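Take a look at the structure below.
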Amino acid sequence: MGFGTLELLTLQQYWWMIISLLGGLFVFIMFVQGGQTLMDKLSDSEIEKTMLINSIGRKWELGFTTLVLFGGALFAAFPLFYATSFGGAYWVWLAILFCFIIQAVSYEFRTKPNNFLGQKTYEMFLKINGNIGTFLLGVAISTFFSGSEFIVDSNNFVDWQNPLRGLESLLNPYNYLLGFALVYLAKISGALYFINNIDHHEIRQRAVLSIKTNMIFFLLSFLSFMTWILIKDGYAVDSEGFVSIERFKYFQNFIDMPIVLVMFLIGVAMVIIAVFVTVIFRKTCCIKTGGIGIVLTVMAVLLNVGLNNTAYYPSTVDLQSSLTIVNSSGSHYTLITMSYVSLMVPFVLAYITYAWYSMDKVKITKEEIQSPDSHNY
Amino acid sequence: MEEHLVDWSRAQFALTAMYHWIFVPLTLGLGFIVAIMESIYVKTNDEFWKKTTKFWMGLFAINFAIGVATGIIMEFEFGTNWANYSWFVGDIFGAPLAVEGILAFFMESTFFAVMFFGWDKVSKGFHLLSTWLVAVGSNLSALWILVANGWMQYPVGMTFNPDTVRNEMNNFWDVLFSPVAVSKFLHTIASGYVLASLFVIGISSWYLLKKRDILFAKRSIIIGSTFGLITSLFLILSGDESAHQVALKQPMKLAAMEGLYEGTTDAGIVAMGILNPKKTISNDEEPFLLEVTAPYALSLLGYHDIHAFVPGIKDLVYGNVEQGIISTQEKMQKGKLAVQALENYKEAKKAKNEDQLLQSKAVLDENMKYFGYGHIKKVEDVVPPVAISFYSFHIMVALGSWFTLLFTMVLFFATKRDILKYPLLLKAALWSIPLGYIASEAGWVVAEVGRQPWAIQDLMPVGIAATKIATTNVMISFFIFATLFTVLLIAEVKIMTKQIGLGSESKEH
């Protein structure tokens, strides 16, 4: 039995799961962004800062690649979302892109001689990417729950109704909750990663302290976000594609999809356990537990908003323009073709894991960074 | 659409694409040159080759970072600036982009870290494999992007679905192995290899002119010119196939590339020429103020037959019954029928009128080939900018020929003579680096300007493809991008020149 025998709806659900998985992986890899925001707080000297930057700098391409893949997969699997959100919420996405462009060059250019903008500028770029880029991504994803102002016409062309072109999502305070939750989560995972990747007592100690503080802010914003979506009205879609408002829709989705609920609870528990074990028992390996927890949690939240007859990108000005995995997806043939390609994902994950393991089995030390032969950022 | 919106959207995409293309070709070629150098190191165990590899790898990394940064913009600009296009073709165009992410970009970025930081952490063999995989990965990335681009130039493997109002893929292999996509891929990566070879021999020549790092420069020059000579010959072959495909699939582009207004048999190619700026499609001015033509060459290049008829711009716009070419006016009428049939189809569907539904579908299917012409306002609009297409094409071809000659000479003098005694040749090699970039950019200008006004050949003009947005937004983002990219380019050039100035013995790499 191959993908060819699957019904269109099954393939749409399969691709929403892949998108959710990619979203989860992307948020996990945002430990790089979190780490960027911590580089001053966790270092006490230039060499310590360089150790931190080199630690996350060796992983930045993975985050970038996941973002590109996330975009490409959305483009192919749910092209109407791609057209609606990117074309409509123009300024939010461009702002996110600006934050990512400046990250890409910062690692390589930062300490190079004659670097024109100066080391501090590139470090500022990394902080902008880590704070604002992460926050804006959270806000953009939060519109999956709060909705946006767009109309899809009979040609499936999109007409955005707000002249602020996406910046209006910043006027909704509820969207800030996920924005802040992502920022603090990234900081926590960044600190967990440093503890695992850098063999330096002082840095590890400072990282533990930062986890304690950031965990409080994370829990506050994340729990507020979860409370908001669990009690808010959601956007249900019936078998004819008719969209309507339904009370406690996202709460109901968790009840209707117990696997997703369990995934969510396990994910959150793993993040909490990772933090607890790191802080109390001073273990250095908890980025793995925390990482899996993040992937599961984010995946569960995205599955919640996309599956169980839910409009994942609601229109607040024309309910029937809302996007669902059914009305926004690629064709049956394309989804089948891409599903075969998706079978490569385990191999890709395997070689990433192997390369990661090979590179990280020897931890970063001060001696390595000071070595004359090392290629440093 | 608001006035000027399309022009600004076009300008923004052109700006991003041209900046992106400053960095990508070097990545495509230098990756392989570095891999060859490291292979020699692993084979000989000679530390000299490790140092040489690390030097060129350092320059590769500086270039790679900014190439990635500009690349991500291009992917998302399809959505931000060309939202209508994104829906119309996302089903087909999105797939290669997704495959690129899964199969190529991850490979490139994963092994990039091993390549730079794994020297003393992984085995020599695994490190060498990583270097090769980075090179292969970046070229695979190019493959999928160019498959997508090839589809825009020659849309195949799909059907139009009136229910969803978009093109839907029905044959992935047709999309992947489209002759336009294949020739575009081969020609484009070859141009990257040539540019990287020019970069290596040019910088090595600078060292030789300065009488420093001599052994390093001489050995690098031999590798660079050997790689350059082989790939420049391949560039010529793939260029020939590319032109052949243009003649078959985009004859208007070929006519613009050659400034050919009146179609003719036994058509000659303009070896050198100055266009008459007063010439338009509707007047009888001579197309050229000055021209030197190689007889039969255009017929041969385009159709592999020295006597073949090559249609000119007028034939393609006004039609040529004798040659069986229908006029743009006729295509516009068919296009309008298709557009109207689609509207009728939607109405029939809403009214649940089966007869009208079938009738409209039949008209749509019959005229779908010309769907995009239904949105063209006047026949002259299908003519791309002739001067830009003509000069870009001729600059590209002339420089491409020069590069082949240069690689031959440099390889000969580097292996058979003492190249240090030929400063003129060394200077020529050095100054050919910017020429390589000019040729490379010119190639893209030919490909993209030459296909205007089409976002998708014959199916969707750029005016329909653009996002419906106030022009001011696009103008502002254009200037932000222009400033940011320019600042980053200056930063890169300054860092690059400094790194080169430090030489191969420096620890900064």
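Keep in mind that glycine also has a Cβ here, set from the backbone N, Cα and C atoms.
Now, the feature entries from TrEMBL:
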TRANSMEM  B:20-42  transmembrane segment
TRANSMEM  B:54-73  transmembrane segment
TRANSMEM  B:93-119  transmembrane segment
TRANSMEM  B:131-152  transmembrane segment
TRANSMEM  B:185-209  transmembrane segment
TRANSMEM  B:221-239  transmembrane segment
TRANSMEM  B:388-412  transmembrane segment
TRANSMEM  B:424-447  transmembrane segment
TRANSMEM  B:467-491  transmembrane segment
- Query: Which of B:20-42, B:185-209, B:424-447, B:467-491 has the most Cβ pairs closer than 8 Å to the transmembrane segment (B:131-152)?
  - Reply: B:20-42
- Note on the structure: Checking B:54-73, B:93-119, B:185-209, B:424-447 against the transmembrane segment (B:467-491) for Cβ pairs under 8 Å, the most are found for B:54-73
- Can you tell me which of B:54-73, B:93-119, B:185-209 gets the most C-beta pairs within less than 8 Å of the transmembrane segment (B:424-447)? B:185-209
- Distant-in-sequence neighbours of the transmembrane segment (B:185-209), which means Cβ under 8 A and at least six residues beyond its ends: 24-30, 32-33, 56, 139, 142-143, 146-147, 150, 216-218, 220-221, 223-225, 227-228, 231-232, 234-235, 238-239, 241-242, 400, 403, 406-407, 410, 419-420, 423, 425-427, 429-433, 435-437, 439-440, 443, 500, 503
